[in-house]
Amino acid sequence: MLLFAVGFLLVILQPSMGQFPRVCANVQSLLSKECCPPWDGDGSPCGELSGRGSCQNILLSQAPLGPQFPFSGVDDREDWPSVFYNRTCRCEGNFMGFNCGECKFGFSGPSCTERQVKTRRNIFQLTISEKNKFLAYLNLAKNIPSQDYVIATGTYTQMNNGSNPMFRDINVYDLFVWMHYYASRDTLLGGSNVWRDIDFAHEAPGFLPWHRVFLLMWERQIQRITGDENFTIPYWDWRDAEDCEVCNDEYMGGRHPTNPNLLSPASIFFSWQVICTRSEEYNSQQALCSATGEGPIRRNPGNNDKSRTPRLPSSADVEFCLSLTQYESGPMDKMANYSFRNTLEGFADPQTAISNPAQSGLHNALHIYMNGSMSQVQGSANDPIFVLHHAFVDSIFERWLRRHRPMLEVYPAANAPIGHNRENYMVPFIPLYRNGEFFKPARELGYDYEYLQEPALQSFQDFLTPYLQQARQIWAWLVGAAVLGGIVTAVLTGLTRACRKKKGGTSSEIQPLLIESEDYNNVTYQSNF
């Protein structure tokens, strides 16, 4: 027990990742616009003396943006993070972190050279002790302060351009709730004016890479605060579910006996307070969410607007979505047709892939179905079902990547909504991650999904699918080539037989083409399929 306590304290003091590094949330860092903290291992900025990284100017993408945001210089999130910092640590090799003090996703060891792949499992496949441990980890994250990160409670202008820092502490779980809010909040234009058609994490190409990073960071934080390096986020496979299977006190909290909009008092989540749910209040005050408690988690699954979301997603919906070959299309927002991203996100019909924002499919359907805290974008991460849901959404993204094997160039380099081009840095993460860096298979990032670890046949089918699709496009040429090949073969065979007859006799080297019946049982056939 003592060893665990010591280990626990050592773990929570290690560097982490998230929003504003505490060591850079001060006047000096904001006025100099530099966030290059020292690495504890050698005391040098970014661990430069040990070759881990160096302090460098941020290289911002110059690619043009889409027309959805017609402003410039009015939002702190534009060209992230240049409003706050224009010099940060650029890490070398497999090192990562705001001070290059940790390993990239998928690597471990003192020199970050050891590859690792961890498995995310279905929550219903966990043992009772594993499930209880997961719930306890969630509750711990809600009650332990973040050691390395703080949140901004004012805009850069409200901070008097850095001379009056406005930051506050936050617990580990709420740090991620706040980051999700900050990425999706409206732009404050002054007075009572706001711009709502902006979101750095949704309704555009970055939706899937952004949430992939979000889950990886959340997973690593839980590993750190618990000392459980093998922890992975479980997922809830909601395909064909008739109701919310995890909405009971054994898992994510049942329904309150007298108020159907609240959780059961027997659930550990009953006492949780939500944050960042009052967007209209923040907008009217031209303020940011300050992460103060705003009441209990609300959830009333199934009692949602049926005209918008009549049912939970089906297996057929998912399979149709996976068949779409285009990752992105058209305006690259919620009006995109035949877009895998827009269909999975839920703004396009999961049976036609035609945009229909009045309906909510796949990812969006789950949020609407929960009919509570999960149903409002900015505060949706308050409900812990959020991580189970998004882990499964990420697994569908992973299936699409494996089936279609897209090149990086498939992810849009230009003309996407603000913050969503391939080389844009994701808001509000520090250390910095580009959208395109996470448009690749999960195993390269150090994790996999239990239900995707099928033996060879399924993976072989996924491997063949893109090539079969290409073959269909050139089938006429293939048939023609086969016919021509058959004719040539027939002619050559006829000539060969004619030559043999001409020679006459049978050489001792000529062997029968068919196996005689008495030899058949002595032959072993083996398939290496």
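Positions of Cβ are set from backbone N, Cα and C atoms, glycine also.
No curator has checked TrEMBL annotations; they are predicted automatically.
Annotated signal peptide per TrEMBL: 1-18, in sequence order.
Sequence annotations record features per position, and here TrEMBL assigns domain 'Tyrosinase copper-binding' to 202-219 (among others). Residue counts of the domain 'Tyrosinase copper-binding' (202-219) by helix, strand and coil are 13 helix, 0 strand, 5 coil (DSSP-based).
Helix, strand and coil counts under DSSP for the region 'Disordered' (292-313) come to 0 helix, 2 strand, 20 coil. What TrEMBL records for 292-313 is region 'Disordered'.
For the domain 'Tyrosinase copper-binding' (383-394), the model's pLDDT averages out at 98. What TrEMBL lists as domain 'Tyrosinase copper-binding' is 383-394 (among others).
Taken from TrEMBL, the feature transmembrane segment applies to 474-495.
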Distant-in-sequence neighbours of the domain 'Tyrosinase copper-binding' (202-219), which means Cβ under 8 A and at least six residues beyond its ends: 17-18, 105, 176, 179-180, 183-184, 231-233, 327-328, 332-334, 341, 344-345, 347, 377, 387, 390-391, 393-394, 397, 411-412, 416-417, 419-421, 424, 426, 429, 433, 435-439, 442, 445, 447
Secondary structure content, the domain 'Tyrosinase copper-binding' (383-394) (per DSSP, counts of residues): 10 helix, 0 strand, 2 coil
